[in-house]
């Protein structure tokens, strides 16, 4: 999910009333949002990385679940809701710590409940005028979630890091994204222009359908789990043949497994 795109920049750059509404909804929804756990897709991607089948994982999500799953080569393109940044002095602090500040300033709001939206806010409509927003402890400036809001540009250093990884990659795998947000689509487009295979595992149409080498219209978690299992079996069988002449047996084993086509696009 392109979660950062759902954060409207006016919520933090706009009026005090807009910021009160944003942070009140965020505070009430935080306990539910922060309790999220990595699913089978996150775990499978971490396992594929550990086995050496994947390189840098670039995510547009801001939920921090790939990091929680243990992904080591990770770039959070749109940032993470796990931290808060000052718009004036660039001071950063942990979102959990800021949550406690919000609760301390607004104890009457602590017991409110509401339905959580995908971006971590909740559908809460009330009078927000009494809500108090803690300022930056360093300079007294305005704090915002450390994510790229709709209307903001992805930091150049992150874009450059992705292009550096892309230059070294032999192929690109898209998982669970429609690529409708340009910040992610451009990398897939450029990989295709360079003649690199691009595969996608996702449900529905993507912006890059015309340039995909392979598209699997399927749910990510079961397919990635199956892929991880198949590649683990192939690796185990290969290790078993090492002592009796791997070069002699490797090609038929790999081809018969049916995994060779999949690994070609990983």
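Note: Cβ is positioned from N, Cα and C throughout, glycine not excepted.
Listed in TrEMBL for this protein:
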DOMAIN    1-247  domain 'Deacetylase sirtuin-type'
ACT_SITE  78  active site, proton acceptor
BINDING   86, 89, 136, 139  Zn(2+) binding site
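One way to see the shell of the Zn(2+) site is to take the Cβ centroid of 86, 89, 136, 139; the remaining same-chain residues with a Cβ within 8 Å of it are 87, 88, 90, 91, 135, 137, 138, 140, 141, 143.
The CA atom of residue 139 (Zn(2+) binding site) is located 25 Å away from the CA atom of the residue listed as 'active site, proton acceptor'. The binding-site residues 86, 139 differ in how many other CB atoms lie within 10 Å of their CB, and the one with the most is 86. In this structure, the CA atom of residue 89 (Zn(2+) binding site) is 20 Å away from the CA atom of residue 78 (active site, proton acceptor). DSSP classifies residue 86 (Zn(2+) binding site) as strand under the three-state reduction. In this view, residue 136 (Zn(2+) binding site) is surrounded by 19 other Cβ atoms within 10 Å of its Cβ, with every protein chain counted. Between the CA atoms of residue 78 (active site, proton acceptor) and residue 86 (Zn(2+) binding site) there is a gap of 16 Å, rounded to the nearest whole number.
Sorted by the number of other CB atoms within 10 A, the recorded positions 78, 89 start with 89, the lowest.
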